[in-house]
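Asker: Here it is, the structure in full.
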Amino acid sequence: MAGIRVTKVDWQRSRNGAAHHTQEYPCPELVVRRGQSFSLTLELSRAPDCEETFIFMVETGPRASEALHTKAVFQTSELELGEGWTAAKEAQMENTLTVSLASPPNAVIGRYLLSIRLSSHRKHSNRRLGEFVLLFNPWCAEDDVFLASEEERQEYVLNDSGIIFRGVEKHIRAQGWNYGQFEEDILNICLSILDRSPGHQNNPATDVSCRHDPIYVTRVISAMVNSNNDRGVVQGQWQGKYDGGTSPLHWRGSVAILQKWLKGRYKPVKYGQCWVFAGVMCTVLRCLGIATRVVSNFNSAHDTDQNLSVDKYVDSFGRTLEDLTEDSMWNFHVWNESWFARQDLGPSYNGWQVLDATPQEESEGVFQCGPASVTAIREGDVHLAHDGPFVFAEVNADYITWLWHEDESRERVYSNTKKIGRCISTKAVGSDSRVDITDLYKYPEGSRKERQVYSKAVKRLFSVKASGRRTWIRRAGGRCLWHDDLLEPTTKPSITGKFKLLEPPMLGHDLRLALCLANLTSRVQQVRVNLSGATILYTRKPVAEILHESHAVRLGRQEEKRIPITISYSKYKEDLTEDKKILLAAMCLVTKGEKLLVEKDITLEDFITIKRAHPGASGEGLSPV
């Protein structure tokens with residue numbers, strides 16, 4: 001009898017695509033998810049007999065091996081048995097055989113080559129059947145990325161468009177973003193991002209073997225979406241100058257960026273800022289099968305020295321001293337959350353994990369951030385992997401202002417220390433409304449529990465030895481520093497102040513507002529008010545000064561007064577960036593030495609805001625003029 005061989009393969013793309021929720025991928029090869037069976041039909045040169053065996057082999061990556069779990073050899077049986085790859089006969093009709101192949105729920109993801117070896121009567125026939133792509137599977141209960149809610153899977157895995165929130169705490173804007181994970185070439189590009197990583201370039205076989213783990217894969221992607229260290233996808237630019245590239249404000253989706261990166265032979269695409277990095281990362285992770293969403297944090301801390309406080313140094317007019325101030329508070333910052341189990345930390349920390357592709361600080365020598373468990377952040381467990389202290393500070397650092405004197409001494413100024421981490425927002429499931437998820441990250445601001453968690457985080461991060469009103473802090477790395485009254489609030493001053501807009505701040509118009517001061521005591525107070533204003537980037541970095549004036553104010557007992565302020569359009573128009581933001585500051589110096597700093601961020605508008613009601617939701621719709 002002649003040896004048997006495979007003459008044709010039917011990958012059953014339609015049936016498998018529907019079963020695996022992968023029918024939207026336009027790839028020529030089959031795309032399936034791990035931990036779930038898929039079918040293919042083999043057309044044979046003749047009908048097989050009972051003594052003939054069908055042995056399958058799958059391989060992924062270079063130098064594939066069974067030891068690294070990047071290769072598997074298995075033969076057909078009547079049932080799907082075992083913890084590894086399996087093959088089971090589904091149906092047989094004359095010279096056609098339908099088989100069901102299944103991967104384990106912890107299989108390496110990526111592009112596989114499938115081969116078959118047919119053995120009969122001492123004759124062997126080998127054939128490469130073709131390639132297929134294996135993805136993470138949020139529908140599989142045994143997969144680390146399993147997400148129980150079908151509505152959330154539809155939103156966080158399959159939805160190819162979304163909303164990114166930007167602006168300032170008091171005026172949050174919604175911007176549409178096209179994730180486009182099912183567009184032409186996007187899946188191939190996402191797999192290429194993994195292959196272009198330094199880990200893959202240095203040791204490709206080991207790198208591929210680690211791609212079973214969402215912790216590993218997401219951390220690699222967080223490094224590769226920015227171009228620092230590794231010629232990744234997007235080059236950041238925060239100076240307001242975008243020569244030779246595209247302004248971050250002009251991107252409306254990830255597809256054009258990823259396709260440009262591919263067509264440019266992996267040259268970083270110019271330019272991105274935080275929401276661009278987050279939008280691209282959301283595309284890549286949804287494409288690979290990990291439930292992912294974009295999260296915006298308003299008044300987001302950038303704590304460079306990891307002391308869990310943002311220390312801002314100002315002069316007597318409230319202007320930030322850039323040479324002294326290493327920390328910063330951005331008007332907003334955007335990152336990602338992905339949903340998966342933390343086998344390294346334990347089940348208490350499963351669920352949403354923070355990932356941040358914006359290159360802010362190095363982690364293990366690379367500009368990458370996360371995954372950091374959102375639960376760990378809320379509970380102050382900043383010692384757990386990865387990058388807990390940085391993420392904790394972003395949402396819960398204390399904001400401390402220091403007045404820097406000419407003799408190089410510093411004095412703490414009363415300001416709102418609780419302004420960090422406001423209105424943490426993401427798009428609602430199934431609608432474009434904004435959902436506030438601040439309570440996932442921290443307990444109510446200023447509550448006893450929130451202060452306990454903050455103290456716990458400090459103690460986790462440092463060994464703390466109190467000495468009077470000063471606290472001696474020893475870092476984990478060994479370097480020591482002083483930090484005054486780390487956990488103690490400054491006594492409130494005897495006056496309060498607040499900036500109030502007198503009319504909407506419209507681009508092209510003069511800016512009219514007032515500083516409202518109130519005397520909280522029953523005695524007369526003399527106050528020197530030093531006002532300053534500057535155009536700024538959304539990172540609050542000043543660009544140019546547009547206001548500098550001083551007023552002597554007499555406040556009677558329990559009296560309130562307004563200081564009118566006008567900034568003409570001609571004064572700010574030349575120095576306004578595309579962010580259209582202005583920062584005003586008032587340093588209020590009271591006779592008895594008390595000092596109060598009042599600040600206000602203003603975003604100039606060139607469109608009309610239309611509020612529309614969504615039943616049970618809080619959201620805003622924005623319509624350009």
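Heads up, the Cβ atoms here are built off N, Cα and C, so glycines get one too.
The domain 'Transglutaminase-like' annotation in TrEMBL covers 266-359. TrEMBL lists Cys274, His333, Asp356 with the feature active site. Per TrEMBL, the feature Ca(2+) binding site maps to Asn396, Asp398, Glu445, Glu450.
Describe the structural surroundings of these features, if you would.
Answerer: Note: the domain 'Transglutaminase-like' (266-359) comprises 18 helix, 40 strand, 36 coil (DSSP; helix = H, G, I, strand = E, B).
Sequence-distant contacts (6 or more apart, same chain, Cβ under 8 Å) of Cys274 (active site) comprise Trp330, Phe332, His333, Val334, Trp335, Thr358.
Asp356 (active site) has a Cβ environment of 30 other Cβ atoms inside 10 Å.
Around Glu450 (Ca(2+) binding site), the same-chain residues at least 6 positions away in sequence with a Cβ under 8 Å from its Cβ are Asn396, Lys442, Tyr443, Pro444.
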Asker: Distance between Asp356 (active site) and Asp398 (Ca(2+) binding site) at the Cα atoms, whole Å?
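Answerer: Rounded to the nearest whole number, the Cα-Cα distance is 21 Å.
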Asker: Please name the residue among the binding-site residues Asp398, Glu445 whose C-beta has the most neighbouring C-beta atoms within 10 angstroms.
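Answerer: Selected residue: Asp398.
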Asker: Could you name the residues, excluding Asn396, Asp398, Glu445, Glu450, of the same chain that surround the Ca(2+) site, i.e. Cβ within 8 Å of the Cβ centre of those residues, in sequence order?
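Answerer: Once Asn396, Asp398, Glu445, Glu450 are set aside, the remaining close residues are Ala397, Lys418, Ile420, Gly421, Lys442, Gly446, Arg451, Tyr454.
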Asker: With every protein chain in view, how many other Cβ atoms are within 10 Å of the Cβ of Asn396 (Ca(2+) binding site)?
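Answerer: Excluding its own Cβ, Asn396 (Ca(2+) binding site) sees 24 Cβ atoms within 10 Å.
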